[in-house]
Amino acid sequence: MVLIKEREMEIPVIDFAELDGEKRSKTMSLLDHACDKWGFFMVDNHGIDKELMEKVKKMINSHYEEHLKEKFYQSEMVKALSEGKTSDADWESSFFISHKPTSNICQIPNISEELSKTMDEYVCQLHKFAERLSKLMCENLGLDQEDIMNAFSGPKGPAFGTKVAKYPECPRPELMRGLREHTDAGGIILLLQDDQVPGLEFFKDGKWVPIPPSKNNTIFVNTGDQLEILSNGRYKSVVHRVMTVKHGSRLSIATFYNPAGDAIISPAPKLLYPSGYRFQDYLKLYSTTKFGDKGPRLETMKKMGNADSA
């Protein structure tokens, strides 16, 4: 494992190539430490075609420039900021692609056939990586290899989708966040991000840790609220945000390996805690409390699960 130093905080980098040799035990221990103590880390040698990753980034950037940039800068939010006014909004241009259990990419405006095919190819490789990572997490938690996958599954398996976002240049970065402070609602988040423009920050040990741009197409991973519940609090979701910058437009392609909407979520039986709830019920609560403290939200769901099992 390599450690990237950023403002005296070392960000774990897990080398998946070391999982197949004599260093496997050490690498598994380092992965467990990253999940347990950090909630975010980078993965190198993940097995995803790096030329394909470059192609995805290039095509998404071109799509933004051609179809979304002008619309963003003509929005009421941008006009208000030019007058020094702020609102509870995020300085981002984004859309969401659902991949599994059903795809919606053909319904998204101005997505070319080439971009659609390229995303499908990338997501296919990324899905295999997500499943491999979930199995490794299960192993470290003392669970059966497919426990996370099974817990996340509805009738058609776990949900898999991608938030594509650009965080454009902002004339008043002191007044706006690219994305306000929050934890992620779902399970395992796999981020392909900009290799030049920074902005992502995670909160750890009382301070904000800036995440550097991803060189050499490493995958940045963080764990969401449902993995915290499933692991009975061992693998915690972490508060993060995106800062705006005056110069440079940051790209973020975040893919979510999530429970199906009707999946029943509870801590794994081997890790105790008896309650369970539907992920879609959690999302309803999350939609109104996303930018608040996650603690009361998780406690509410625990109580709901206890009531349902009583």
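Residue numbering: from 1, along the chain as shown.
Positions of Cβ are set from backbone N, Cα and C atoms, glycine also.
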Annotated companion of His182, Asp184 at the Fe cation site, Swiss-Prot, chosen from His127, His240: His240
Swiss-Prot annotation of coiled coil - which of the ranges 29-49, 113-133, 260-280 it falls on: 113-133
Positions on the same chain near the coiled coil (113-133), where near means CB under 8 A and six or more residues out: 43, 46-49, 52-53, 55-56, 59-60, 63, 97, 99-100, 105-106, 149, 160, 162, 188, 190, 219, 221, 255, 257
Per-state residue totals over the domain 'Fe2OG dioxygenase' (158-259) - DSSP helix, strand, coil: 9 helix, 48 strand, 45 coil
Cα distance (Å, whole number) from Arg250 (2-oxoglutarate binding site) to Asp184 (Fe cation binding site): 19
Fewest Cβ neighbours within 10 Å, where candidates are the binding-site residues His182, His240, Arg250: His182
Nearest-integer angstrom distance between the alpha carbons (Cα) of His182 (Fe cation binding site) and Arg250 (2-oxoglutarate binding site): 19
Protein Cβ atoms within 10 Å of Asp184 (Fe cation binding site), excluding its own: 24
Pairwise CA distance, His240 (Fe cation binding site) versus Arg250 (2-oxoglutarate binding site), rounded so that it is a whole Å: 16
